[in-house]
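Taken from Swiss-Prot, the feature active site, proton acceptor applies to ASP133. According to Swiss-Prot, the ATP binding site annotation covers VAL13, GLY14, GLU15, GLY16, THR17, TYR18, GLY19, VAL20, VAL21, LYS37. Marked as phosphotyrosine by Swiss-Prot: TYR18. Per Swiss-Prot, the feature region 'Disordered' maps to 296-317.
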Amino acid sequence: MVELSDYQRQEKVGEGTYGVVYKALDTKHNNRVVALKKIRLESEDEGVPSTAIREISLLKEMKDDNIVRLYDIIHSDSHKLYLVFEFLDLDLKKYMESIPQGVGLGANMIKRFMNQLIRGIKHCHSHRVLHRDLKPQNLLIDKEGNLKLADFGLARAFGVPLRAYTHEVVTLWYRAPEILLGGKQYSTGVDMWSVGCIFAEMCNRKPLFPGDSEIDEIFRIFRILGTPNEEIWPDVNYLPDFKSSFPQWKKKPLSEAVPSLDANGIDLLDQMLVYDPSRRISAKRALIHPYFNDNDDRDHNNYNEDNIGIDKHQNMQ
């Protein structure tokens with residue numbers, strides 16, 4: 001049985017959507033460095049729901065090079081839950097912020113990160129696990145420049161709160177239109193939409209749809225992709241928050257919104273940012289898209305060629 005006392009807390013390294021994250025040493029495993037995530041429960045008095053424990057237990061089986069490993073679950077008493085993850089000290093948001101403005105991530109780097117991101121998602125989707133809250137902050141990068149997905153499956157176990165632990169509003173910038181329009185049925189397409197938004201952001205060095213409210217987010221999407229209708233998105237009229245009175249915008253070419261991306265990249269992005277979730281490209285199909293044909297993910301030199309190394313980012317999360 002794993003006990004909280006097996007872990008020696010070093011420092012607080014961040015506050016995520018679900019609670020505080022500490023850097024800690026695992027005394028039972030040669031003092032390996034881990035991330036100790038204390039989950040804040042919505043109703044402290046009711047304890048940890050058994051459904052959440054079941055969901056999280058399944059995540060321990062998710063072993064993939066592009067997914068942050070969940071080592072252990074500590075249910076210290078009926079009201080507290082800690083998740084023990086492998087420790088990675090940099091996320092994609094901080095990494096992008098560290099590169100001087102005017103300097104791109106580099107086409108090879110973007111392709112490498114996209115390949116790794118989609119591989120991780122394919123693995124999760126093949127196990128019927130959705131993320132539902134993908135964003136640059138929960139894409140972590142190791143010292144070799146490999147990208148790994150964090151917080152997969154937590155949305156199903158705990159729900160996606162409206163406000164993060166720090167009371168800041170959870171970002172809407174990567175949220176799929178079917179969720180924004182009040183849809184209650186999600187599919188793997190919600191994650192592929194988020195991947196498209198992250199793809200565009202890596203190319204542009206700024207978010208594609210930086211809305212500050214749900215309606216602002218919806219209208220920012222419409223201004224670029226056009227206002228959807230029944231023809232391009234069957235049954236959109238039945239979504240609770242869709243209004244026939246929405247302004248009618250025409251679709252713009254994505255090459256105008258993401259000018260640095262080549263034709264194959266634009267085609268892939270176009271297939272990710274499809275309104276109808278059933279027609280959105282899957283992770284499996286995305287990996288065989290021509291955009292990746294000239295990608296050699298084994299070439300780790302790309303990481304240093306295109307970019308600043310990450311040694312200087314130690315102790316960040």
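The backbone N, Cα and C atoms fix where each Cβ goes, and this holds for glycine too.
Candidate recorded positions: GLU15, ASP133. Fewest other C-beta atoms within 10 angstroms, GLU15. Maximum C-alpha to C-alpha distance over the listed ATP-binding residues VAL13, GLY14, GLU15, GLY16, THR17, TYR18, GLY19, VAL20, VAL21, LYS37 is 14 Å. For VAL13 (ATP binding site), the count of additional Cβ atoms within 10 Å of its Cβ stands at 18 [all protein chains shown].
DSSP assigns VAL13 (ATP binding site) to a strand segment in the three-state reduction.
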